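Enquirer: Okay, so Swiss-Prot annotates it like this:
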| type | residues | note |
| --- | --- | --- |
| BINDING | R79, R104, D131, P132, M133, L134, A135, T136, G137, G138, S139, D200 | 5-phospho-alpha-D-ribose 1-diphosphate binding site |
| BINDING | I194, G199, D200, A201 | uracil binding site |
Amino acid sequence: MKVVEIKHPMVKHKLGLMRALAISTQEFRRLTKEITSLLTYEVTAGFELEKTEILGWQGENIEVDQIKGKKLTVVPILRAGLGMMDGVFEHVPAAKVSMVGMYRDENTAKPVAYFAKLCDKLDERVALIVDPMLATGGSMIETVTLLKKAGSKDIKIITLVSAPEGIEALANAHPDVELYTASIDSHLNEKKYIIPGLGDAGDKIFGTK
């Protein structure tokens, strides 16, 4: 599995701000969007270009570069993934949205699916899954499995922080996906939370406890 940890200074700086205990909901939400935007820029760096003819500003036909045949659906894992969508839309405003509801049972740490609304022609689209945390990998593995069953063939993932345990589990289950993350953190604690992590990203994005 391709794993890319984005080590750009702006990404690391913004992520460092997000780790603070006293961070406000507004600030956490803003930084989530900004980091997602920077990571999306990295994800799309591998997209192929082709020449297209357009009518230029002087009224004459000119050749310009355009992304070649790429259709994209952004797939937020509810609910925390919703906070990352605007960061993707800054670069791909026409992206279709496919939503997957997946939560982690706090007692068993196992994923539980409760919702899926996917766009059409998944076999023709890049599916970009967004979720702030890759902890055990369970929810992400189930989401990828769901997308593949629906026809997805090209799946990329953006997370803010990832645990080594989750990366290993995801790689074993789906070695053909690509993971882009702002940080590979140290480990999972006994409650399966990422250390040092961000705490509960969903609660911090939506201002709930």
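A Cβ is built for glycine as well, from the same backbone N, Cα and C atoms used for every other residue.
Each of these features: where is it, how hidden is it, and who are its neighbours?
Expert: The Cβ of S139 (5-phospho-alpha-D-ribose 1-diphosphate binding site) has 25 other Cβ atoms within 10 Å, all protein chains considered.
According to DSSP, D200 (uracil binding site) sits in a coil region rather than a helix or strand. The Cβ neighbour count for D200 (uracil binding site), using a 10 Å radius over every protein chain in view, is 15.
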Enquirer: Measuring Cα to Cα, how far is A201 (uracil binding site) from A135 (5-phospho-alpha-D-ribose 1-diphosphate binding site) in Å?
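Expert: Checking the Cα atoms of A201 (uracil binding site) and A135 (5-phospho-alpha-D-ribose 1-diphosphate binding site) gives a distance of 12 Å.
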Enquirer: If one measures from the C-alpha of D200 (uracil binding site) to the C-alpha of M133 (5-phospho-alpha-D-ribose 1-diphosphate binding site), what distance in angstrom results, rounded to a whole number?
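Expert: That separation, Cα to Cα, works out to 9 Å.
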Enquirer: What subset of the binding-site residues R79, D131, M133, A135, S139 lies within 10 angstroms of I194 (uracil binding site) at the C-alpha level?
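Expert: Passing the 10 Å Cα cut: M133, A135.
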Enquirer: Setting I194, G199, D200, A201 aside, what same-chain residues sit with their Cβ within 8 Å of the center of the Cβ atoms that define the uracil site, listed in sequence order?
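Expert: Residues close to the uracil site, other than I194, G199, D200, A201: P132, M133, Y193, G197, L198, G202, D203, K204.
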Enquirer: For S139 (5-phospho-alpha-D-ribose 1-diphosphate binding site), which DSSP three-state class applies?
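Expert: Going by the DSSP assignment, S139 (5-phospho-alpha-D-ribose 1-diphosphate binding site) falls within a helical segment, counted as helix.
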Enquirer: At the level of the C-alpha atoms, what whole-angstrom distance separates G137 (5-phospho-alpha-D-ribose 1-diphosphate binding site) and G199 (uracil binding site)?
Expert: 16
